[in-house]
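Q: OK, Swiss-Prot features for this one:
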SIGNAL    1-50  signal peptide
CARBOHYD  Asn69  N-linked glycosylation site
DISULFID  Cys82-Cys135  disulfide bond
BINDING   Asp95, Gly206, Thr214, Glu216  Ca(2+) 1 binding site
DISULFID  Cys165-Cys249  disulfide bond
BINDING   Gln177, Asp228, Val229, Asp231, Asp301  Ca(2+) 2 binding site
DISULFID  Cys191-Cys244  disulfide bond
DISULFID  Cys196-Cys207  disulfide bond
CARBOHYD  Asn238  N-linked glycosylation site
CARBOHYD  Asn318  N-linked glycosylation site
Amino acid sequence: MYGIEYTTILIFLTSITLLNYTLKSITRIMDYIIYRFLLIVAILATIMNAQNYGVNLPITGSMDTAYANSTQSEPFLTSTLCLYYPVEASNEMADTEWKDTLSQLFLTKGWPTGSVYFKEYTDIAAFSVEPQLYCDYNLVLMKYDSTQKLDMSELADLILNEWLCNPMDITLYYYQQTDEANKWISMGSSCTVKVCPLNTQTLGIGCLITNPDTFETVATTEKLVITDVVDGVNHKLNVTTATCTIRNCKKLGPRENVAVIQVGGANILDITADPTTTPQTERMMRINWKKWWQVFYTVVDYVNQIIQTMSKRSRSLNSSAFYYRV
């Protein structure tokens with residue numbers, strides 16, 4: 001009888017020992033698997049980026065997230081505002097402290113010191129070559145000049161909208177525009193653009209494809225050209241490629257963190273390409289021509305109302321890089 005009890009106790013102790021060994025083995029195996037998994041995740045995390053900017057897509061707009069627009073809960077504490085102005089403004093005011101003065105005035109409207117940036121440009125033509133929009137909100141002041149109406153309207157069309165652009169090889173291929181949103185945008189120090197429409201036999205309509213002198217000239221020595229031709233018709237192009245780059249672009253929609261303020265002029269510029277539609281005036285506004293001090297005072301007074309017509313972007317955007325990126 002005692003032998004049976006001893007055997008039972010021995011079996012019980014042996015079972016407990018085996019169970020303990022098994023549990024420890026399972027624990028070691030699980031620890032190994034978990035640590036190995038975490039090691040792999042840590043290694044991959046150093047290689048991979050959370051946001052993918054390197055897929056080599058020709059996307060030049062829409063790489064940002066629109067935020068719900070509100071100026072009621074003091075979003076300026078985390079927002080930046082860029083104010084672009086011509087050099088003649090600072091020359092006229094002739095005050096080395098004018099930026100500090102305006103910064104203090106913007107503070108009274110809820111914009112903390114350091115959140116407003118003043119960006120100077122030489123003239124409309126120079127600004128057209130490389131319009132860089134760095135801030136969450138961008139206000140571009142353009143003084144009206146009757147001799148530069150076309151340059152102003154094209155610049156406004158460029159920066160107030162997002163464009164998807166691809167390179168064009170005009171030496172090898174013919175091109176056609178598919179719809180009203182499709183435009184050819186040229187930028188450079190000097191852009192002369194000529195076009196020759198083609199028939200179904202790829203023969204020139206009113207021009208010789210072998211002789212650029214017979215092409216129709218649509219732009220001469222300009223810095224920014226937005227070319228619109230008859231949709232659905234192939235064209236042979238001639239462009240001063242040594243000083244100009246041309247891209248085949250599609251208008252994606254409004255760039256809602258940009259507003260253009262026209263200073264002076266009887267009427268606000270119309271950047272609507274379609275003559276049958278109502279002129280586009282949203283985020284395109286006008287201030288009566290005054291001294292530049294009064295212009296800036298007006299901007300400060302109405303800055304919050306202007307921001308209400310805009311939407312903040314998730315990050316700043318370099319318009320030049322956006323245009324040229326492939």
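In case you wondered, yes, glycine gets a Cβ from its N, Cα and C as well.
Note that the structure is predicted; figures quoted are calculated from it, not measured.
Thinking about packing and proximity, how do these listed features fit into the structure?
A: For Cys82 (disulfide bond), applying a Cβ distance below 8 Å and a minimum sequence separation of six or more within one chain yields Val116, Tyr117, Phe118, Lys119, Leu133, Tyr134, Cys135, Tyr137, Asn138, Leu139.
Cβ-based neighbour count (10 Å, all protein chains) for Glu216 (Ca(2+) 1 binding site) stands at 14. Taken residue by residue with DSSP, Glu216 (Ca(2+) 1 binding site) is part of a strand.
The Cβ of Cys249 (disulfide bond) lies under 8 Å from the Cβ of Trp163, Leu164, Cys165, Asn166, Asn182, Lys183, Trp184, Ile185, each of these being in the same chain and 6 or more residues away along the sequence.
Other Cβ atoms within 10 Å of the Cβ of Val229 (Ca(2+) 2 binding site) number 19 in total over all chains. According to DSSP, Val229 (Ca(2+) 2 binding site) sits in a coil region rather than a helix or strand.
Non-local neighbourhood of Cys244 (disulfide bond): Ser186, Met187, Gly188, Ser189, Ser190, Cys191, Thr192, Val193, each in the same chain, at least six residues away, with C-beta under 8 Å from its C-beta.
Sequence-distant neighbours of Cys207 (disulfide bond) (same chain, 6+ residues apart, CB-CB distance under 8 A): Cys196, Pro197, Thr214, Phe215, Glu216.
Counting only residues at least six positions away in the same chain, the Cβ atoms of Ile170, Val193, Lys194, Val195, Cys196, Pro212, Phe215 sit under 8 Å from the Cβ of Asn238 (N-linked glycosylation site). Under the DSSP three-state reduction, Asn238 (N-linked glycosylation site) is assigned to strand.
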Q: With DSSP assignments reduced to helix, strand and coil, which class does Asp301 (Ca(2+) 2 binding site) get?
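A: In the DSSP reduction, Asp301 (Ca(2+) 2 binding site) maps to helix.
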Q: What's the number of neighbouring CB atoms sitting within 10 A of the CB on Gln177 (Ca(2+) 2 binding site)?
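A: The answer is 21.
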Q: Quick one: what's DSSP say for Cys249 (disulfide bond), helix, strand or coil?
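A: DSSP call for Cys249 (disulfide bond): strand.
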Q: According to DSSP, which kind of secondary structure is Cys196 (disulfide bond) found in, if we only use helix, strand and coil?
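A: In three-state terms, Cys196 (disulfide bond) counts as strand.
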Q: For Asp231 (Ca(2+) 2 binding site), just count the other CB atoms lying within 10 A of its CB, please.
A: 11
